[in-house]
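Some notes on the structure that comes next.
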Amino acid sequence: MQVEVKLKENAYKVYIDELEELEFDSKVFILSNPKISGLHLKTLLSKIKAREIFIAAVKDGEEYKNLSTMEEILNQMFNSKLDRKSVLISFGGGVISDMGGFAASIYQRGIDFINIPTTLLACVDAAVGGKTGVNNNFGKNLIGTFYQPKAVYCESSFLKTLSSRELAAGMAEFIKMAAMFDDSILDFIEKIDEKSFLNATCENEIFTQIIARSIELKSRVVEQDEKESGLRMLLNYGHTFAHVIENFTDYKLYLHGEAVAIGMVMANQLALNLGFLDKMQSQKIKDILLKFGLPISYKINNVDEFYEAFFMDKKSSNKKINFVLAGPLGKGLIKGDISKEDIIATLREFQ
């Protein structure tokens, strides 16, 4: 199965379960992590033909997605004597995808890169759309670029080695898509047998459908708003809260998808308080998140500090915070005129 991301420039295809032989008349630099290298690198190498192949495995996890790791990656790229015709392959989850794309975008002012995601979260979100970057002390993904891959290959077979926690985190991003753009997908999600899904014993077709439907939705959004000036901001549903939570917990307590799950619950509470969402729909999202074992609560110790952290969000402008809300489910909206009092009141509900 193929989905084309039809951009005015740099259009590319996403191949689902179609990873066959990849031939390059250039050097290839594979960026991965030790776990994925141990599980799947042999499979990938059997499919690649290139002049030379270099492999770099860096520590994986949001706490390592920083400029220090980026410098380590770039040093290995320079030591490999890559040129502008070389190709970087990001082979891993969302962290590897973000860092690999960023490295490709700044190495000698840009070389081609391909994403081969190995987590559900990366398949449904991080690997498609061209957002790259790293975190710093001020927040998440505040240093980065928009830089599109030349192709994306999503293989459902790689997902079979994921833990239930990793699969659930990926499902959170799929739920996000449904809540923003197509609430009928929520009905599909409710019918999934969570036990076989979380054990990765479900049929490959389930993974394929999740990946395909996510990418079809996201590609349409990116085609209309590549640089996130409007519509694409809806893909950040739950993320305004999630990024603060991740930063406050040093990126160690929650997987990204888990933080997004909590963020969606918080965003829904704000939408509920403002009258954009009703209790039944808010509860529906909670029930689906709980179905897959995702967290739905976070204790805010300092409301004022949490509120101030919102202003480091990339969607904030002119001293206003742009919140992405569901209202109703399947129809996202962006609100930049919510009073501080209303925001604080919602945050106090999570103390």
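Cβ atoms are placed via backbone N, Cα and C, with glycine included.
According to Swiss-Prot, the residue from GLU155, GLU173, GLU305, GLU308 that belongs to the Zn(2+) site alongside HIS239, HIS256 is GLU173. Of the listed binding-site residues, namely THR119, THR161, the sparsest CB environment within 10 A is found at THR161. Taking CA atoms as the reference points, GLY94 (NAD(+) binding site) and HIS239 (Zn(2+) binding site) are 15 Å apart. Local packing around the Cβ, expressed as the count of other Cβ atoms within 10 angstroms, is greatest for GLU173 among the binding-site residues ASP60, GLU63, GLU173.
In this structure the alpha carbons, written CA, of THR161 (NAD(+) binding site) and GLU173 (Zn(2+) binding site) are 19 Å apart. Within 8 Å of the centroid defined by the CB atoms of GLU173, HIS239, HIS256, the record's Zn(2+) site, lie the Cβ atoms of LEU121, ASP125, ALA172, LYS176, GLY238, ALA242, GLY257, ALA259, VAL260, GLY263, excluding the listed residues themselves.
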